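Trainee: Copied straight from TrEMBL:
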TRANSMEM  63-85  transmembrane segment
TRANSMEM  105-125  transmembrane segment
TRANSMEM  146-165  transmembrane segment
TRANSMEM  171-198  transmembrane segment
TRANSMEM  205-227  transmembrane segment
TRANSMEM  239-261  transmembrane segment
Amino acid sequence: MMICAIYPILVPFMLRETRSSIILTRIAKRIRKETGDNRYRARIEDERSSLRTLIYISCTRPIYLLLTEPVITSFSLWIGFAWGVLYCMVESISLVFSSTYDFNIGQTGSIFSTMLVGSVLGMSTNFIQERLYRKYYSTRGPEARLYFACVAAIAFPVGMFIYAWTSFSRIPWIAPAIGIAFFIWATFVIYLAVFTYLADCYGPFASSALAGQSLCRNLAATAFPLFTRQMFDRLSYKWANTLFGCIAVVMMPIPFILFFYGPSIRRRSKFSGMVMDLKKS
């Protein structure tokens, strides 16, 4: 909490503005100041609505996009499920390793370092993904964001199956730990792909698109831990995690479908189609 409290203070000094309408407004203001000519105005300055309207749009548009835009709906379900499983895994690690391998609190806590390994690998992968994006954006468009998302779609269930079917006392503890690292890497890559892809696809509506998926993701993160212990008690660790892996297999085609058919899907959607028309014009 203390670290999170520092972020809002650092953000204005360490991050640059990326919203195109805000950047254009700042440029227009600077030109007006330098030239004294008030004709230089950004479109958004003349289209500002009342505070009440802005609040209404901010509260309703994310939900509308979540329910009506196929790209946002599919990606939100995918990252929502991954996020829910992540929270289940956080709760299950102590249960699995203390009961299966008779780990004490310190030993069980050390297993969480596999999450750090998976996250660092995920961050490293993102540098490669960014290079691929810059290289292929001219031919693939926003779908160039999805190369490693497709790999992560496969690694997600693989990690869950490894975690599920190696959590036995006769199998070394490192095996399920590797499964955890696989899953964390996949979740990290999926998370980044969702944010960057939706931001590219929805342009001026990106904040609403991301708010919609964040709503779905955080609701899943809230709901899943409520039934984790009961699920493991009834199904056992291996079958509960196998169930998660099977659901992940069902969701595996999502990034592949968007990678190959994303432009046609976006063109038929109201908001993403509008953004595509704006980019063409």
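Count begins at 1; order follows the chain as displayed.
Backbone N, Cα and C atoms are what each Cβ position is placed from, and that goes for glycine too.
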Trainee: Kindly say whether the transmembrane segment (205-227) and the transmembrane segment (239-261) touch, using the definition of 3 or more Cβ pairs under 8 Å where each pair is 6 or more positions apart.
Mentor: no
Trainee: Any residues 6+ beyond the ends of the transmembrane segment (105-125) with a Cβ under 8 Å from its own?
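Mentor: Those are 93-94, 97-98, 148, 173, 177-178, 180-185, 187-189, 192, in sequence order.
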Trainee: Give the nonlocal contacts of the transmembrane segment (171-198) in its own chain as ranges (CB under 8 Å, at least six residues past its ends).
Mentor: 71-72, 75-76, 78-79, 82-83, 85-86, 89, 93, 96-97, 101, 103, 111, 114-115, 117-119, 121-123, 125-126, 129, 133, 142-143, 145-146, 148-149, 151-153, 155-156, 158-164, 206, 209-210, 213, 255, 258
Trainee: Near the transmembrane segment (239-261), which residues from the same chain, at least 6 beyond its ends, have a CB less than 8 A from one of its CBs?
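Mentor: Contacts of the transmembrane segment (239-261) (Cβ under 8 Å, skipping residues fewer than 6 from its ends): 71, 74-75, 77-78, 81-82, 85, 88, 92, 143, 146-147, 149-150, 152-154, 156-158, 160-161, 163-165, 167, 193, 197, 231-232.
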